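Pulled from Swiss-Prot:
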BINDING   CYS333, HIS384, HIS510  Zn(2+) binding site
DOMAIN    1-61  domain 'TGS'
REGION    242-533  region 'Catalytic'
Amino acid sequence: MPNVKLPDGNVKHFEAPLTIYDVAHHISPGLAKAAIAGRVDGVLVDTSYLIKEDCSLIIVTEKHEDSLEVIRHSTAHLLAQAVKALFPSAQVTIGPVIEDGFYYDFAFERSFTPDDLSLIEVKMHELAKANLSITRRELPRNEAIQYFKGLGEEYKAKIIADIPENESLSLYRQGDFEDLCRGPHVPSTGFLKAFKLTKVAGAYWRGDSNNEMLQRIYGTAWADKKSLEEYLYRLEEAEKRDHRKLGKALDLFHFQDIAPGMVFWHPKGWTIYQELEHYMRNRLVDFGYQEIRTPQLVDRSLWEKSGHWANFRDEMFVTETENRHYAVKPMSCPCHVQIYNHGLKSYRDLPLRLSEFGNCHRCEPSGALHGLMRVRNMVQDDAHIFCTEDQIQSEVAMMLELVQSVYKDFGFTEIKYRLALRPEKRVGSDDVWDKAETALKLAMQGRNIEWVDAPGEGAFYGPKIECSLSDCLGRIWQCGTIQVDFSMPARLEASYVAEDGSKQTPVMLHRAILGSFERFMGILIEHYAGKLPLWLSPVQAVVLTISEKQNEYAEKVRKTLQKRGVRANFDLRNEKIGFKIREHTLQKIPYLLVVGDKEVENCQVAVRTRDGIDLGVMTIDTICDTLTQEIIRKGSI
């Protein structure tokens with residue numbers, strides 16, 4: 001008879017098999033009422049799951065981290081049930097859980113409208129309020145195919161037909177609706193209290209553009225209404241901060257169909273870009289990097305040697321001329337090895353730190369393109385360090401110091417670190433992997449960094465550290481990477497002469513901090529809602545005249561600011577000062593310097609911030625000092 005070990009270490013002995021619900025009720029009726037699911041020996045299951053033998057058990061309530069997956073999966077079924085109730089001719093396909101929510105794809109003769117979504121949501125609340133029991137049963141594969149064909153659900157029958165014949169399938173029923181699903185699900189629809197349908201979009205059947213178009217309804221679901229409201233607020237804020245909208249409103253960049261996924265930088269946007277590049281270049285010099293430049297078009301022979309042609313070919317832009325095949329580089333690593341290989345290297349030359357603002361192209365699917373966040377042409381702050389195995393720890397420690405310093409200057413202090421460890425299929429001996437993984441851990445410990453291990457998620461050629469930023473809405477953006485590579489140097493015949501005179505292969509460390517300039521700019525724009533820190537703002541101050549009598553003085557103020565390194569402009573238009581202030585505030589210019597007759601007479605400016613704060617009057621020297629000091633401080637405000 002089963003012994004059940006609970007999270008607190010307590011072991012409960014039972015005389016007969018029993019369900020997770022029964023165990024919860026044995027502990028307390030309140031726990032049984034709150035139980036959503038269970039985790040038996042690490043596997044997530046329904047509360048109706050029958051425990052027949054000894055196991056460890058976690059009872060999942062809405063407070064447990066597993067609860068949202070179960071709630072969202074069940075809400076996807078609730079959505080499908082509501083759609084079938086309102087639109088019986090609609091056919092169901094799949095409805096998985098995604099980040100922060102779920103979706104369900106339907107085949108229907110017409111497009112769902114916003115009014116339809118409202119009706120569907122009302123019906124979902126009605127079904128949830130009915131507190132319908134959710135039950136599970138199993139069917140053999142062939143019976144399941146015939147069952148769904150009998151319901152007119154051809155798509156579901158096709159899905160089942162792809163499953164091996166000897167498999168038994170699970171179906172979940174709630175009321176008069178039944179769907180194919182592995183589960184688990186909540187015990188009844190009454191557990192689904194906080195959800196919202198967010199949008200409808202097109203989606204190809206099985207993700208293939210040659211197949212018919214389906215309709216995908218997206219939604220979100222949470223354990224309670226407070227969490228739902230907080231999420232919807234974040235969603236609303238994210239919509240306001242959308243870098244594509246702000247990019248247009250602030251005249252930073254645009255995209256066109258003539259160059260999908262490639263940015264047309266406007267003067268203001270290019271100013272930000274150049275500031276990023278200038279900043280990174282200076283930081284890299286401080287840390288001993290040598291900047292290089294490698295070709296855009298490279299013969300396929302290099303990509304074949306590096307392994308990219310076999311594994312990355314579909315994502316490369318290729319061309320042919322004079323009977324030779326070339327690829328536009330999707331990454332800079334193989335080219336950096338060519339520079340390393342140019343000339344004999346000794347152990348005394350290591351570590352060798354090479355950096356490039358690598359202009360790369362990748363043939364991303366058109367449907368995946370998303371403003372600056374997903375592009376086909378990107379510039380990466382790419383660097384590769386060639387070193388010995390014994391130098392890995394010290395080099396990684398130096399990289400982490402640089403990463404933390406750079407992110408701080410951009411105003412990001414909450415950094416999450418993840419250590420991707422060896423996968424089953426890998427190159428290199430266990431001893432080498434032990435050494436590399438230990439070096440990465442010790443480097444992080446030396447910087448007082450806390451991290452999460454990700455077993456099995458390293459690349460086949462080495463472990464890596466992933467550095468992710470948390471923005472003002474709590475969204476996580478993976479930007480930085482520190483990757484150990486045991487493979488590419490050997491594939492491309494990189495070597496050095498060791499102290500004992502032997503020929504050795506160096507370790508290659510791939511390193512990016514921003515990731516791509518384009519994506520990082522998108523993150524910055526959304527994080528700051530367009531109100532970039534002073535040092536990054538394309539226009540840092542604008543001088544506003546009250547009348548044309550101050551034009552000459554305004555020009556003098558602007559020139560003085562520019563000589564002190566401030567990006568300044570002026571507005572001499574014959575418009576009311578209130579109109580000018582509003583217009584430049586909407587353009588999110590950090591400082592508005594108003595000049596009238598009194599300011600001209602006293603050689604001063606009246607200073608306002610873009611947030612409407614009146615800083616009073618200042619002399620020209622004072623405002624210059626104020627702005628230049630803030631620019632120097634960067635994110636340390």
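Glycine is treated like the rest: Cβ placed from N, Cα and C.
Since we're looking at a predicted model, the values are computed, not measured.
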An 8 Å radius from the center of the CYS333, HIS384, HIS510 Cβ atoms defines the neighbourhood of the Zn(2+) site; name the other residues of that chain inside it, in order.
MET331, SER332, HIS336, ASP382, ALA383, GLN483, ASP485, MET488, MET508, LEU509, ARG511
CYS333 (Zn(2+) binding site) in three-state DSSP notation:
helix
Tally of residues which DSSP labels helix, strand or coil - the domain 'TGS' (1-61):
14 helix, 23 strand, 24 coil
Using DSSP and collapsing to three states, where does HIS510 (Zn(2+) binding site) fall: helix, strand or coil?
strand
Is it possible to get the count of other C-beta atoms within 10 angstroms of the C-beta of HIS384 (Zn(2+) binding site)?
26
Reported mean pLDDT - the domain 'TGS' (1-61):
93
Sequence gap of 6 or more, Cβ distance under 8 Å: name the residues on the same chain that satisfy this around HIS510 (Zn(2+) binding site), in order along the sequence.
CYS333, ASP382, ALA383, HIS384, LYS464, THR481, ILE482, GLN483, ASP485
Tell me, how many other CB atoms lie within 10 A of the CB of CYS333 (Zn(2+) binding site), whichever protein chain they belong to?
21
